[in-house]
Amino acid sequence: MSATRRTIASAGSIVVKIGSSALTSLVGGLDVGRLDALADAIEDRMRAGSDVVVVSSGAVGAGLAPLGLTKRPRDLATKQAAASVGQLALAHAWGTSFARYGRTVGQVLLTADDIARRAQHRNAQRTLDRLRALHAVAIVNENDTVATAELRFGDNDRLAALVAHLVGADALVLLSDVDGLYDGDPRKGNATLIPEVNSPEDLDGVVAGSGGALGTGGMASKLSAARLAADAGVPVLLAAASDAGAALRDAGVGTAFVARPSRLSARKFWVRHAADEQGILHIDEGAVRAVVTKRRSLLPAGISAVSGRFYGGDVVSLLGPDERPVARGVVAYDSAEISDILGKSTQELPAEMQRPVVHADDLVPL
């Protein structure tokens, strides 16, 4: 067994993301038998000593049958109506299933905005930490009833990766209707399972298919989430929900994604992956070398242009001369102030304007 699989198998804190297809039937509504089997596997892992946070899809799918709908709606209003009905059913089903073991569950509904805004980010973190301390099972889902962008393709996979870093998890397990990553379309019979992904180069030529009939997150979404988590220092296991027992027992199934050696700090992870980008700073080649290679602060002299309207404390993207993003960071000045000082050396500026535009501690190269 690889070192990554051993790390996942022995992880003291795990986030388990469960896709819609693993929880709902083809005609809509929850499949209680599947859900109970997943709860059994999670309970076994918790009894073995691990803390587990569950990121559960399925609200929209669970709301279809009660509303007389036979397929996933395309319009936002109907999706949100289905989510409002299904969320109740989903929370009740998880609560009933874990009650067999005397476990209490807590529902945590999040939107991307809750992760992107620093204050809400910290509040969500404290809530999840407290639920774990009280030995309750946190059932996390997107707040689909009020969200807009969050109902787009694959967002719950990304949410799971963000939650994994939010709670300081030692591993992320993605469970769905696929049993791992293949080098081609497994439905065509000539594809080979990729047991471990060590770097982005391992994904060259890999075909990312679409999601299932009831889900929104296809393989491309899962790969993106796995890369995000692994880049943040969290190893990932992608496996079939039907193999949940083995996945959570010894990580001996599916595809494992090797994490980077060091974990990003909570603040730098937030800057790089969670915060909304409010504007753009265009920088010259010298500034690119200073920021990316030498990991130094961004000074006004290296900025050639400003795009967007933003304020001190906002997160912006830094683009090099080829217009490609090279870093993200927290700016010290408003966009109007930067426009007045860009291209100037520090010595040309008044004392109160001699701080770096983006300090090295607030910069994250991409």
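Quick reminder: no glycine exception, Cβ is built from N, Cα and C everywhere.
Residues or ranges marked as ATP binding site in Swiss-Prot: K17, S176, D177, T216, G217, G218, M219, A220, S221, K222. Taken from Swiss-Prot, the feature substrate binding site covers S57, D144, N156, and the record attributes it to sequence analysis. Among the features that Swiss-Prot reports, domain 'PUA' is placed at 278-352, with the record citing sequence analysis.
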Euclidean distance between Cα atoms of S221 (ATP binding site) and D144 (substrate binding site), Å: 18
Binding-site residues compared (S57, N156, S221) - the one with the fewest other Cβ atoms within 10 Å: S221
Per-state residue totals over the domain 'PUA' (278-352) - DSSP helix, strand, coil: 24 helix, 23 strand, 28 coil
Rounded distance in angstrom between the Cα atoms of N156 (substrate binding site) and M219 (ATP binding site): 13
Spatial separation of S57 (substrate binding site) from K17 (ATP binding site) - C-alpha basis, Å: 8
Collapsed DSSP category at D177 (ATP binding site): coil
Neighbour-count leader, CB within 10 A, binding-site residues: D144, D177: D144
Inter-residue C-alpha distance, D177 (ATP binding site) and S57 (substrate binding site) (nearest angstrom): 13
C-alpha spacing of S57 (substrate binding site) relative to S221 (ATP binding site), in angstrom: 14
M219 (ATP binding site) in three-state DSSP notation: helix
Candidate with sparsest Cβ neighbourhood (10 Å radius) among K17, M219, the listed binding-site residues: M219
Rounded Cα-Cα span from M219 (ATP binding site) to S57 (substrate binding site), Å: 15
Max CA-CA distance, Å, over listed substrate-binding residues S57, D144, N156: 10
